[in-house]
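Participant: This structure is in structure tokens; I'll ask about it shortly.
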Amino acid sequence: MFQSNFNNKNFYYNNLNLFKILTLAAGILFIFVGIGNFTLNQLIPRHLRLLTIYTQNLASILATRNLALGNLNQPLNQKFDHDGLRLFYTWGLWNHCAGYLAPSNPQYCTNSIWSFKFEPFKTLLDDIPQSLNDKASNLFNNSNLDLNKDTYFKASSHAAFYFIFISICLVACCLLLSTLNFHPINIIFFSLIAFLSNSIGTIIWTAMAAILRHQFRQNYSQLGLIAQFGNLIWILWAINLILFITFISSFSACIRRRKNIYP
């Protein structure tokens, strides 16, 4: 009897320690998720992009590249409405960047915005020269894109932002509760909601990226656009896995603790 209680108690503390380590790991990854808001010139780091869109062939479809693109020697972070299409656009959780050379070397990045909304087509149209704007709008509207109005992406990214933010807050609560040795049932609740909330936000962003990539492939000859998943989506999925294991470990610890109290 004594040995059984000892084993249950030992299992409980081992799971609790595992919970603390995993929660800390999720918290560290979440710090990287939001770091794009605090980098120099709002640059979205290479591994913290949600999505990248390449527009090189769109420029050729609209007109000659010299007419569609902007000034390749334009000063950094200088941007005006309709001053020329960039060759790539990258999106993070807080803002987007665009440029000519490479995604790691953008010409401009927008300011970080709380609850930043993903509007890919509006972003392109805001840069395309005014003389080609109507042609580009007709091109987008006449293509086979089912969701080319940005309304879906805007609302979905807005919701995804808050689901991810809620998960960040709950992970912080889990870390605090486990440090203060609160009852495991409280920790189970917060870890479960954190997992579900981040899962929803991650699924939304994965779906948006997959939809754009698929539709751009289907309409490549007409639009000349290419969409690629960013590493941040995979980081969010890694956080999901960690949070799921965290929930399992806290649930197991609670069960063993109950057996220890009520053998």
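Note that Cβ sites are derived from N, Cα and C of the backbone, with glycine treated the same way.
Residues or ranges marked as transmembrane segment by TrEMBL: 21-40, 159-180, 187-212, 232-255.
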Participant: Count, for each of 159-180, 187-212, 232-255, the Cβ pairs lying under 8 Å from the transmembrane segment (21-40), and report the range with the highest count.
Facilitator: 232-255
Participant: For the transmembrane segment (232-255), give me same-chain residues lying six or more residues beyond its boundaries with a C-beta closer than 8 angstroms to one of its C-beta atoms, as numbers and ranges.
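Facilitator: Same-chain residues near the transmembrane segment (232-255) but 6 or more away: 11-12, 15-16, 18-19, 22-23, 25-26, 29-30, 32-33, 47-51, 92-93, 164, 167, 171, 174, 184-185, 187-188, 191-192, 194-195, 198-199, 201-202, 205-206, 209.
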